[in-house]
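**Q** Before we start, here is the structure in question, set down as structure tokens.
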């Protein structure tokens, strides 16, 4: 039985996982790489670190499984979205560090674009809003701030890509410059209705079309790896951005199904089907996947700080040594205290979209200690998810206007404390699957589908298995009181920004 190898290139580490044909995991490898913070609100990665860690983990996973290139039917790639690399087309060398999705350096540019009235047009075409989060203004910044970059781009000497595109270029030895529709849909340059790069958007951001990759289906033959990498070529047959890949790995194929992934940030996607639904509550309209030339759309809510709030407890405050300690510590908190953390460390994402505000704690007393801070950090993830859930309920008219169950995955989904509190605040069941490597599984599925290893989507969905269902156990009065307190905390933070303005 052949393997399918999934490359899961994330914000803090690169992983490779070998899946068997029955979707069980044969082997995996992971390698972290450095983060760079050259200025307040700036986040960068070295593109060579991303490539080196990806190649190393692929080789390590193959070695653990005793697999050769001949044993692998296909490679699937999933990646941190929106992160931008620009490189020299001839040498393959990046002209600057990658600008990461969390980076906020283009906030002033985005503010000016909004003031100039461009947002309605951009939202209509892309399903997105004007925000530093997305790739377009990052590319423009590189062209304007790296000496000679704009002239080189206009001469056709530079290539642009999200991380999937960069890895595909390196895997194929510089032979293939392509991406898939899910990654393209996150750039602020792609028209999600026509399925092509948009000339009006390219002109607005002054990005030459010659820089841009070909856009393909999420499940397709993108190219073959260079012979010298693995001892023989391996076909690369699937690509999707990490959140779309997780949606596929969670078998969310029917309209109304929703998943939420908890990694560095939190990202909820609700499948809306073949027709894009325009949000009236500051959610994003995005492409969930594209198969056989047909696009399936989703509503998405993006939260910038989820697991990184726990990292802050560990690395910033030093009150825990391991993330697994957070839930037991939160259990010890004083129930008489109502401490709220609004973790706007890099601004607020959906549904507020304010890149200027910064994090704040509300409700602290003289007795507030580590347990209360741990409690507030974990609850902040649940409150932010509630905000997305409420917005989705308001926007989605199918399935009685409310997704009945939330499927969860990612590192924080392993925290029973957090998942139970999430069910309590949503007043809805929260389902955690047996296979929690859903992002990698989604990438593997796309590749395996193209290679003929995995079945069509609905048959694949039959393989989804429940590990645990968390049911709401909080009284309505307590839920309403806690949500009202969160609402006041967010309102207070946003008011402080207005006061400074």
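Easy rule for this one: first residue shown is 1, then count along the chain.
Cβ from N, Cα, C; glycine included.
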**Q** Record says 11, 15, 307, 411 bind ADP. Source is Swiss-Prot. Which of 54, 264, 272 does it list for that same site?
**A** 264
**Q** Have a look through 133, 297, 340 and flag the one Swiss-Prot assigns to the glycerol site that 81, 82, 242, 243 belong to.
**A** 133
**Q** Using a 10 Å radius around its CB, how many other CB atoms surround residue 13 (ATP binding site)?
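**A** So the Cβ neighbour count for residue 13 (ATP binding site) comes to 13.
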**Q** Among the binding-site residues 11, 243, 264, 311, whose Cβ has the fewest other Cβ atoms within 10 Å?
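**A** Counting other Cβ atoms within 10 Å of each of the binding-site residues 11, 243, 264, 311 gives the minimum at 311.
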**Q** Let me make sure I understand the span of the sn-glycerol 3-phosphate site: among 11, 81, 82, 133, 242, what is the greatest distance between any two Cα atoms, in Å?
**A** 15
**Q** Around the glycerol site (81, 82, 133, 242, 243), what further same-chain residues have their C-beta within 8 angstroms of the site's C-beta centre?
**A** 80, 83, 101, 186, 241, 267, 302
**Q** Which state, by DSSP, holds residue 11 (sn-glycerol 3-phosphate binding site): helix, strand or coil?
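**A** DSSP call for residue 11 (sn-glycerol 3-phosphate binding site): coil, neither helix nor strand.
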